[in-house]
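Here is the structure we will look at, set down as C-alpha cells.
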Amino acid sequence: MIPYATVEEASIALSRNLTRLETLWFDYSATKSDYNLYCHNILFLFLIFSFVPLPLVFIESSQSTSDWFNRYKIQPKAKNSFSDMFKCYKAVMKMFLLVVGPLQLVSYPSIQMIEIRSGLPLPSCLEIVAQLVVYFLVEDYTNYWVHRFFHCKWGYEKFHHIHHEYTAPIGYAAPYAHWAEVLLLGIPTFLGPAIAPGHMITFWLWIALRQIEAIETHSGYDFPWTLTKYIPFYGGAEYHDYHHYVGGQSQSNFASVFTYCDYIYGTDKGYRFQKKLLQQIQKKVKYSLSDMFRCYKQVMKLFLLVVGTLQIVSYPSIQMIGIRSGLPLPSLTEIVAQLVVYFLIEDYTNYWIHRWMHCKWGYEKIHRIHHEYTSPIGYASPYAHWGEILILGIPTFLGPAIAPGHIMTFWLWISLRQIEAIETHSGYDFPWSLTKFIPFYGGAEYHDYHHYVGGQSQSNFASVFTYCDYIYGTDKLPTPTMAWNVFKFCTALRALGSIMILIVIGIIGFTYYAVVVVNYGPALLIGGVDSLLALLVLALFHFLLIMLLWSYFSVVVTDPGGVPTGWRPELDVEKSDGNQALIGEANSSLSVGDSSSHGVRYCRKCNQYKPPRSHHCSVCGRCILKMDHHCVWVVNCVGAMNYKSFLLFLNTLRLPSDSKSSFSCFPVLNIAFALSVLGFLIMHIMLVARNTTTIEVNNSHQSSLWDLHDYKAYEKHTVNWPYNVGRKTNFEQVFGSDKMYWFVPLYTEDDKKKLPALGGLDFTSRSESETEPLQSL
C-alpha cells in the first residue's frame with residue numbers, strides 16, 4: 001500500500017512531480033492493500049487462459065479460415081474439434097480453480113519475504129526489461145532440468161503423461177497438466193523474482209508474458225509474422241511441437257523458451273536431424289513459368305522498397321569515399337585491377353557473413369527465405385530477406401571504399417557482381433561458360449550443391465571464388481555433426497596451460513578471504529553464541545575446502561589412463577588351447593575399425609590399437625582410457641583413472657556459491673554458477689548410472705542413422721549398450737565397492753584387484769540378449 005494520503009504528499013516525498021503513469025498508479029492502488037494487488041494475478045491468469053487461445057479456436061473450428069491458415073499449421077493432418085478444445089478448457093479451468101487460484105491466495109507471504117514492492121516510484125522501462133530478461137533466463141534454465149526430470153520413466157508415468165495427451169498441442173493445452181506438475185513448475189517461475197525482486201507491475205507483466213509465451217508455443221501454428229521469431233535462441237511453436245509429436249519417449253527439445261540449453265546439452269539433435277532429413281529427401285524441383293514470375297515479382301518488390309531506396313540515400317557515402325566522375329577516364333589496366341580487388345574483398349567478407357547466416361539463429365530468422373529454392377533459378381539470386389540484402393550490401397560496398405575509382409568502374413562492378421550471382425544461381429552448368437576459365441571460380445554447380453543440401457549445409461559458402469572454402473575446410477561433404485564444431489580448434493587449448501589452475505586457485509582464494517577473513521573470522525572474537533556458530537561454520541568450511549582441493553589436484557595430477565605400449569586386443573582363440581595356425585589367422589584378421597565400434601579399433605594418429613571405450617584426445621595428443629572429455633579447468637583429460645576425482649570435485653565445487661559475503665555481493669552470479677554446476681553434476685550422475693561417458697552418448701546420436709526416413713523413429717532410436725550392468729555395479733565401477741572410500745579420491749587395493757574396470761582396460765559386459773538401451777540424456 002502506498003504510504004501517502006495525497007498526490008502532493010507523494011510528490012514532496014519524491015522531491016519531484018509524479019509522472020502521468022505514477023499518478024494513475026497512485027489513484028488506482030492508494031486504497032488497496034499489497035495482498036489485494038498481488039491477487040490481481042488470479043484475474044490476469046483467468047483472462048489469459050480464457051481469451052488468448054480463442055483466436056486459435058476460431059481458426060481451428062471455422063472451415064473457411066482453417067483452409068487458408070492450414071499452410072501455417074505444423075501438423076496439418078491433426079484436427080481438433082470444438083468439443084475437444086472445450087473439454088481441454090474445462091480441465092484447465094478446473095485446475096485453475098482448485099490449484100492455481102488457491103496457490104495465488106496462500107503464497108502472498110513469499111512475496112512479502114522477497115520484498116516485491118508496490119509503492120512509488122514506478123520502475124523505469126529499462127529496469128523492467130532488464131528484470132524480465134533475468135526472469136526468463138532463470139526460469140528457462142531451471143524449467144529445462146525440471147522438464148527433463150518429468151521425462152524420466154517415473155516422472156512421465158506419474159505426472160507428465162497428462163500434458164502429453166496432446167501430441168498435436170493447442171493453445172489451451174499449455175497449462176493442461178497434472179496438479180503436481182503445475183505446482184513444481186511454479187518454482188522456476190517464482191525463482192526469477194526471488195533473485196531479482198522488483199515492482200508489482202513487473203511481477204504482473206512477468207506472469208502474463210510467461211503464460212502468453214507458453215500458449216503461443218503450444219499453438220500448433222508457425223506464423224511467419226510472429227514477433228518472437230526475431231528473439232535470439234527463441235524456440236517457438238515449431239520447436240516445441242516436435243517434442244509433443246514424438247511423445248513420452250522424447251529426449252529432445254526440453255526448452256521452455258530459449259534453445260541454448262538443448263544445444264549445450266545435446267538434446268536437440270533429434271530435432272535438427274529431422275529438419276536436415278526433410279531437406280535431404282526433397283525431390284528435384286521443376287519450376288513453372290508462374291513460379292518464376294512469382295519469384296520475379298518478389299524480387300521487384302524488394303528492389304523498389306529496399307535496393308532502390310538504399311541507392312538513393314547512400315549517395316553521401318559515395319562522396320565520402322571519393323569516387324570521381326570527371327576526366328580523365330581510368331585506363332583498362334586500372335579498371336581490371338580495381339575489379340579484381342573488389343571481387344576479392346567482397347568474396348572474403350561475404351564468405352564469413354554467409355557462414356554467420358547459416359548459424360541457427362541467422363538461418364531461421366533471415367537466410368531461410370533465400371533457401372526456399374533448393375534448386376535455384378536466376379531470379380532467386382536476389383530473392384532474400386530485406387535484412388540479408390542490407391547486410392550483404394556491406395561486402396559489395398567495401399571494395400570501392402578501400403580502393404575508390406571512377407564512377408564507370410563502380411557501375412561495371414555492380415553490374416558484373418549481379419550478373420555473376422545470377423549465373424551462379426542459374427541451375428545450369430554450361431560447358432561454354434567463360435567463367436570456367438577463371439581460377440578458383442565456383443560457378444553454378446558449386447553453389448547449386450549448397451542450395452541442394454539446404455539450411456543445414458556447412459559447405460560451399462563462397463560467393464565467387466572457392467579459396468576460402470578450401471582454406472577453412474568448408475568445401476567438403478556435410479557430415480552428421482554439430483553445426484559449428486568447436487573441437488576442431490581444441491589444440492589451441494594447450495596454450496592455456498597452468499593459467500586455468502591459477503584462475504581456479506584465485507577463485508578459491510577469494511572465497512576463503514570472503515568467508516574466513518571478512519565474515520566469520522572476526523565473529524570468533526565476539527564471544528557467545530555467535531562465536532560458537534562461527535566456529536562450526538569455519539570447521540565445516542575448512543573440511544569442505546580440503547576435500548575440494550584434494551579432489552581438484554587429484555584430477556590435475558592423476559594420469560587419466562593411457563594405452564600401454566604395444567597393447568593389442570586379446571582374441572578368443574588366444575584364450576583357448578587353439579593351435580598356432582589359428583592364432584596366426586586370427587592376428588591377420590585384426591582389422592581397422594571405426595571409433596564407434598565395440599570390437600577391434602585402431603588409432604591412426606597414435607598408430608596403435610585402441611582398447612574398448614578409449615578415444616584419442618586432440619589436446620593431449622594420445623588415446624585416453626574410457627575418456628569422458630578434456631577439461632580446460634583441470635588442464636587434463638577426464639578418463640578412467642581420475643573420473644571419480646572429477647565427480648567429487650564437481651560435488652564440492654558448489655562451495656564458492658555458499659559464501660555469505662560473496663553471495664551478498666554477487667547473488668545472481670552465485671546462483672547462476674551453482675545452477676550450472678548442479679546441472680553438470682546431474683548429467684554426470686546419469687552417465688554413471690548408465691555406465692557411459694559424454695563422448696559415448698554423443699556418438700550414439702551419430703551412429704548410422706542417416707539413411708532413416710522416419711525422424712520419429714530416430715528420436716526413439718537407442719543403441720544396445722553392453723556395459724550397462726545395473727546401477728549398483730555401474731556405480732562401483734567408478735567409485736569402488738568400499739563405502740568408506742566413496743567420498744575420497746582413492747581406491748583400496750582390494751577394489752583395484754576385484755574391479756578391473758577401474759584400470760580402464762577391461763570392462764564387465766552382458767550378453768547381447770541382456771543389453772539395455774543407451775538413451776540420450
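Heads up, the Cβ atoms here are built off N, Cα and C, so glycines get one too.
Features as listed in TrEMBL:
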TRANSMEM  42-59  transmembrane segment
DOMAIN    133-267  domain 'Fatty acid hydroxylase'
TRANSMEM  182-209  transmembrane segment
TRANSMEM  302-321  transmembrane segment
DOMAIN    340-474  domain 'Fatty acid hydroxylase'
TRANSMEM  389-414  transmembrane segment
TRANSMEM  495-520  transmembrane segment
TRANSMEM  532-553  transmembrane segment
DOMAIN    600-652  domain 'Palmitoyltransferase DHHC'
TRANSMEM  632-653  transmembrane segment
TRANSMEM  665-689  transmembrane segment
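Ranked by Cβ pairs under 8 Å to the transmembrane segment (495-520), the stretches 302-321, 389-414, 632-653 are led by 632-653. Computed over the domain 'Palmitoyltransferase DHHC' (600-652), the whole-number mean pLDDT of the model equals 86. DSSP places the residues of the domain 'Palmitoyltransferase DHHC' (600-652) in helix, strand and coil in these numbers: 10 helix, 18 strand, 25 coil.
Secondary structure of the domain 'Fatty acid hydroxylase' (133-267) per DSSP, as helix, strand and coil residue counts: 87 helix, 4 strand, 44 coil. The list of residues near the transmembrane segment (42-59) in space but at least 6 beyond its ends in sequence, with Cβ under 8 angstroms from a Cβ of it, reads 65-66, 69, 82, 85, 89, 92-93, 96, 100-101, 104-105, 170-172, 174-175, 204, 207-208, 211-212, 215, 219-221. Broken down by DSSP into helix, strand and coil, the domain 'Fatty acid hydroxylase' (340-474) contains 88 helix, 3 strand, 44 coil.
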